[in-house]
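TrEMBL has this to say about the protein:
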type	residues	note
TRANSMEM	16-36	transmembrane segment
DOMAIN	18-435	domain 'Major facilitator superfamily (MFS) profile'
TRANSMEM	57-80	transmembrane segment
TRANSMEM	86-104	transmembrane segment
TRANSMEM	111-138	transmembrane segment
TRANSMEM	144-163	transmembrane segment
TRANSMEM	175-194	transmembrane segment
REGION	196-235	region 'Disordered'
COMPBIAS	213-227	compositional bias 'Low complexity'
TRANSMEM	253-277	transmembrane segment
TRANSMEM	289-313	transmembrane segment
TRANSMEM	343-365	transmembrane segment
TRANSMEM	377-399	transmembrane segment
TRANSMEM	411-430	transmembrane segment
REGION	441-504	region 'Disordered'
COMPBIAS	453-463	compositional bias 'Acidic residues'
COMPBIAS	493-504	compositional bias 'Basic and acidic residues'
Amino acid sequence: MGAGGPRRGEGPPDGGWGWVVLGACFVVTGFAYGFPKAVSVFFRALMRDFGAGYSDTAWVSSIMLAMLYGTGPVSSILVTRFGCRPVMLAGGLLASAGMILASFATRLLELYLTAGVLTGLGLALNFQPSLIMLGLYFERRRPLANGLAAAGSPVFLSALSPLGQQLLERFGWRGGFLLLGGLLLHCCACGAVMRPPPGPGPRPRRDSAGDRAGNAPGEAEADGAGPQLSEATPRTRPRRRLLDLAVCTDRAFAVYAVTKFLMALGLFVPAILLVNYAKDAGVPDTDAAFLLSIVGFVDIVARPACGALAGLARLRPHVPYLFSLALLANGLTDLSSARARSYGALVAFCIAFGLSYGMVGALQFEVLMAAVGAPRFPSALGLVLLLEAVAVLIGPPSAGRLVDALKNYEIIFYLAGSEVALAGVFMAVATNCCLRCAKAAPAGSGAEGGASDTEDAEAEGDSEPLPVVAEEPGNLEALEVLSARGEPTEPETEARPRLAAESV
C-alpha cells in the first residue's frame, strides 16, 4: 500500500486497502441515508393496521433520522475510546435487532422504540466511523472518494424502495421488517474491514518533548487504542479529549453548522412525502414507488461526477461556493415543482431533484473536512449531526401535520424549497464575508493568542483547504499535545513554512 497522496511518501495512502474501505463506506452510507426513506413505502399499511394518521407514522422515519444525526457526539466519543471497527460491529447488530423487533410491534410506540431508536442508533454507529476512516485513507483523491461513498445512498434508495414494495405485497409489513433486519447485518461485514491505515513509522518529535514517536493522525483511535499512552514516554502524552468542543469557535465551522441546520429543515421532506404525494395524485402504487428509484438513478450519476468535479485543482478551493450552488438549485427545484400533479411532471421533478440532491450529498462532508481538517473532523462531524437531528425532528413531522390538516402538499414544497434555498444563500454570503475578514485582518493579529488564533488560521484555510489536511502527522500530534496543556502553538507556525518549502 504505497502512498499516493501529494506528500513525500507519507500520509493517507489514497488507494490500496482504502478502496476496500471505500466500498464498505458505500454500503454503510447507502443504508444510513436510503433506509429511512425506503421505510416510507410501509406507511400506508401501518396507518391502516394501527389506525393512525400520516404524521404519527412519519415519526418512524423521523426518529430514525434523528438518532442517525443526534447521536453524533456519542459516536465520536465511542470511536475515540474504542476505535472504528468495534463501534461499527456493535452498530450493525443494533440496527438489525431494531428492525427484527419492530416486526413484532403491536403499538406505534413500540415501532418508535425499535425501528426508530434502535435501528437509528445502529445506523449512526456505522455511518460516522466509516466517514472518519475514509478521511484517514484519502487526501488527494478525497473529493472523489467522498462522491463515490455518497453514491451509496441513491443506489440503495433505488433498490430498497422497490424491494420494500415487493416485500410489503408478498409478506406484509411485518415480514418485510423481518427480512430488512436480516439485510442490515451486512453492516457488520463492513465494520470488519475497517482496519487503520499504515502509519509512516516512528520518528522523533521536533518539540521540547522530543523523545516521543509519532503516529499517523487518527491511527491510534482507529485501531482502538484511543487515549492510551505511548510506551516510550508515558508522561509526555496526555489523555486525548473524547470530544473537542473548541471547534465551535471556528468561524468556518459555525457557518457550516448554521447552513446544515437550515438545509436539514427542508431537504428530506420532498423525498419522504414523494411516494404518498404521488399516490394521492392518482398514480398507481408501483409507479409511485418507482419515483424514488428515478431520484436514485439520477443521484447515482450526480454524486461521483460532482465529487470528481470538486477534486479539480481550480475548483477545490471554491468547494463551499459549489455546495451553496447545489443547495440553491435544490430549493428552486422544490419551489418550481410544488404544483406538479401529472406523472410526467413528477418524473421531471425527480430528475431535477436527484441531480441537485446528489450534488449536495457529494459535497457536504468534503466541505466540513476542508473547513476543520482531519484531526478535528470526528468532533466536528458529531456536533454537526447533533444540530441536524434537531432540524430533522422539526421538518418532516411538521410537514406531516400540515398534510393532515390542509390535505394539500403544495405548501409543503414551498416551505421546504424556501428553507433549502435560504441555506444556500447563507452559505455563499457567509463564506465570502469570512474570507474578506481573513484578508483584512493584520498579519500579526494571530500573536494575540486564544480563540482568535484558531479562527484566523481556519478562515485562511477556507480559501485553500488542502494544507490543513496536508500537515505532517507528527506536527498534528504536537499541536494536540500543546493545546491540551494550554501552551501556545508556536510549532505550528514553524512547521507551515517548512512544509511549504519542502512541497515546492
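Even glycines carry a Cβ here, placed using N, Cα and C.
TrEMBL annotations: computationally assigned, not manually curated.
If you look at the transmembrane segment (175-194), the same-chain residues 6 or more away from its ends with a CB under 8 A from one of its CBs are 20-21, 24-25, 27-28, 31, 35, 42, 84-89, 91-93, 95-100, 102-103, 115, 119, 122-123, 126, 129-130, 133, 164, 167-168, 222. Counting residues 6+ beyond its ends, the transmembrane segment (343-365) has Cβ neighbours under 8 Å at 33, 131, 143, 146-147, 150-151, 153-154, 260, 263, 267, 270-271, 274, 278, 281, 283, 287, 291-292, 294-304, 306-307, 310, 319, 322-323, 325-327, 329-330, 333-334, 337, 381 in the same chain.
Long-range contacts of the transmembrane segment (253-277) within the same chain: residues 36-37, 40-41, 43-44, 54, 58, 61, 65, 69, 161, 247, 288-289, 291-292, 295, 324, 327, 330-331, 334, 346, 350, 353, 357, 360, 364, 367-368, 371-372, 380, 383-384, 387-388, 390-392, 394-396, 399-400, 403, 409, 412-413, 415-420, 422-424, 426-427, 430-431, 434, 458, each at least 6 residues beyond the stretch ends and with a Cβ under 8 Å from a Cβ of the stretch. The domain 'Major facilitator superfamily (MFS) profile' (18-435) scores a mean pLDDT of 81 in the predicted structure.
Beyond its flanks by at least six residues, the transmembrane segment (57-80) meets 32, 35-37, 39-40, 43, 46-47, 50, 87, 108, 111-112, 115-117, 119-121, 123-125, 127-129, 132, 221-222, 226-227, 240-243, 264, 268, 272, 378-379, 381-390, 392-393, 396-397, 399-400 of its own chain at Cβ-Cβ distances under 8 Å.
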